[in-house]
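Per TrEMBL, the features are:
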| type | residues | note |
| --- | --- | --- |
| REGION | 1-24 | region 'Disordered' |
| TRANSMEM | 39-59 | transmembrane segment |
| TRANSMEM | 71-89 | transmembrane segment |
| TRANSMEM | 123-143 | transmembrane segment |
| TRANSMEM | 155-173 | transmembrane segment |
| TRANSMEM | 180-201 | transmembrane segment |
| TRANSMEM | 221-243 | transmembrane segment |
| TRANSMEM | 264-287 | transmembrane segment |
| TRANSMEM | 314-334 | transmembrane segment |
| TRANSMEM | 360-380 | transmembrane segment |
| TRANSMEM | 386-408 | transmembrane segment |
| TRANSMEM | 420-445 | transmembrane segment |
| TRANSMEM | 451-469 | transmembrane segment |
Amino acid sequence: MSRAHEGSLTGRTTIERPRGGTGVGEAVFPGRSMLPVTASWWTSILVAVGASLMIAVSMAEMAAEIGNASIWVWIGTAIVGALQCLLIAELASRFTGRAGGTAQFAYRATAKGSPTLGALSSWAYWFAWTPGIAVNLILAATYLKSLFWPSGNVIFLAVVIGIALYCVTALGLRLSTMVNAALAVVALGVVSIVVLTPVFHPDSFDVARILPTRLPEDAPTGGWGVAGIVLKWMFIATWAAYAAEMASTVCAEIKRPERYMKRVMSISAGIAIAAFTLVPISMFGVVGVEGLQRDPFTVFAEIGGITLGPAGEYIVGLGLAAVLVLGAEIFIIGSSRTIHQMAQDGNLPKVFGRTNKRGAPVGSIAFDAVVIIIMLVVFGTRVVSVVAAATFGYLVVFVLLPIAYLTLRRFRRDDDGGFRLGRAFVGVAVALFAFNTVLLVFGGLQWGVDVIIVGLGVTLSVIPISYFTRKSRTKAAVRASGED
């Protein structure tokens, strides 16, 4: 016997069949997003484009510590992220009613389903991207201040931009898509200028700045020392280079995701590999290790000046600010939908699952906005420290993802929807689990015990919140049924 799970706002019915003896019954996941289906598949691609220049956040600090070895760190982590996109594509094409993307599948890291792991993964994912909103707003405000308002206050400008973006998000995914499309055109323009500078001005590009790969003179020596510093920066690189997976966050809101998610995630993975390969190669080749250690705004503007002349510095600077605003909007979309789905699953109070007449998850958007304003005031411009703590939560998600993938793959029926990757991806999933675990533990420790404590504390804080919320909502449901 099968049961149809219908969302009154989604206009979509998904059949989830019981699997005899597997522990995976009719309710494969505890809740559906209940968000309206209003978007085309290319909306997800715009989300991936928004992550294409997140390399700017930590490129300078990474170059200072590991030199041009940074190039291989960016390329390697982007390839790992692309492989993960394929696992996500299979899961997203099968379970189309889940908002929030990658983190939502960890509920099935155990055969019978684990509300605790589901809540832990979603909360860690929210923790990963919410600081990203603050980071992008700070950087965008800094660049705009340099261009238009030298005497202005960065935090004030960041708060103003943030409020505007949250208002756009609250007006629905359709408006967000139009805004993101305009910003994505700018993003692609900036990437194109950076990548094509060596083509139009080959005299500005020096291969000796790229090859041979070498660490700075003051870098650690010996096998363990080198491994430690590389893992340290791979840990940070994942926060940007894995970000193509965010294309899955709006899966529940696009039309026919069971057909298009494979295409969406494949294109997103390709965008990430191209961006995180070509941008660092071009930038190292043009300005070198020493040049990259300057303010990213100055570096990008200088490259724009080489290609487009004096006006190029202004154009690229403005474009880079637009790219960072796009990134912030993408993170807002992803993090708000993650909190919304947690409320739908019963892990957070119902208020966080509220939607407005446009179908926007305003309950979670409001919560997100309050947290961001607090972070902007508390952390200010300390960007890399915020990213390091957030990355801990991010990698928790990617330790759990391969486990959930293997569990759901094992108990899959041939007539399930979506598509199925080849048998080789069982080994790929195991390798991804091992890689992300090593990065989480050993890469995280390179940033200090305080980063681990903050990351672990914030991540684990959801366990009692989720437990007592589920208990409270269950009691309320029992009382309501008794009154009926």
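Yeah, the Cβs are placed from backbone N, Cα and C, and that goes for glycine too.
For the transmembrane segment (123-143), the neighbouring stretch richest in Cβ pairs under 8 Å, chosen from 39-59, 71-89, 155-173, 386-408, 451-469, is 386-408.
Taking pairs at least six residues apart, the transmembrane segment (39-59) and the transmembrane segment (314-334) share three or more Cβ pairs below 8 Å and count as touching. Non-local neighbours of the transmembrane segment (221-243) in the same chain are 48, 51, 54-55, 57-58, 62, 65-66, 69-70, 73-74, 76-78, 80-81, 84, 128, 132, 215, 272, 276, 384, 387-388, 390-391, 394-395, 398, 436, 438-440, 442-444, 446-447; each lies 6+ residues outside the stretch with a CB under 8 Å from one of its CB atoms. Contact between the transmembrane segment (314-334) and the transmembrane segment (451-469) does not hold: fewer than three of their C-beta pairs are under 8 Å, each pair 6 or more apart in sequence. A Cβ distance under 8 Å defines the sequence-distant neighbours of the transmembrane segment (71-89), meaning residues of its chain 6+ beyond its ends; these are 55, 62, 101-102, 105, 210, 213, 230, 233-234, 237-238, 241-245, 247-248, 261-262, 264-266, 268-270, 272-273, 275-277, 279-281, 284, 398, 401-402, 405, 419, 421, 425, 428-429, 432, 435. Contact between the transmembrane segment (264-287) and the transmembrane segment (180-201) is present: at least three CB pairs lie under 8 Å, with pairs separated by 6 or more positions in sequence.
Non-local neighbours of the transmembrane segment (420-445) in the same chain are 80, 83-84, 86-87, 90, 228, 231-232, 234-235, 238, 391-392, 395-396, 398-399, 401-403, 405-406, 409, 412, 451-452, 455; each lies 6+ residues outside the stretch with a CB under 8 Å from one of its CB atoms. Only residues 6 or more beyond the boundaries of the transmembrane segment (180-201), in the same chain, are considered here, and those with a CB under 8 A from a CB of the stretch are 43, 46-47, 49-50, 52-53, 275, 278-279, 282-283, 285-286, 300, 303-304, 306-308, 312, 315-316, 319-320, 322-323, 325-326, 329-330.
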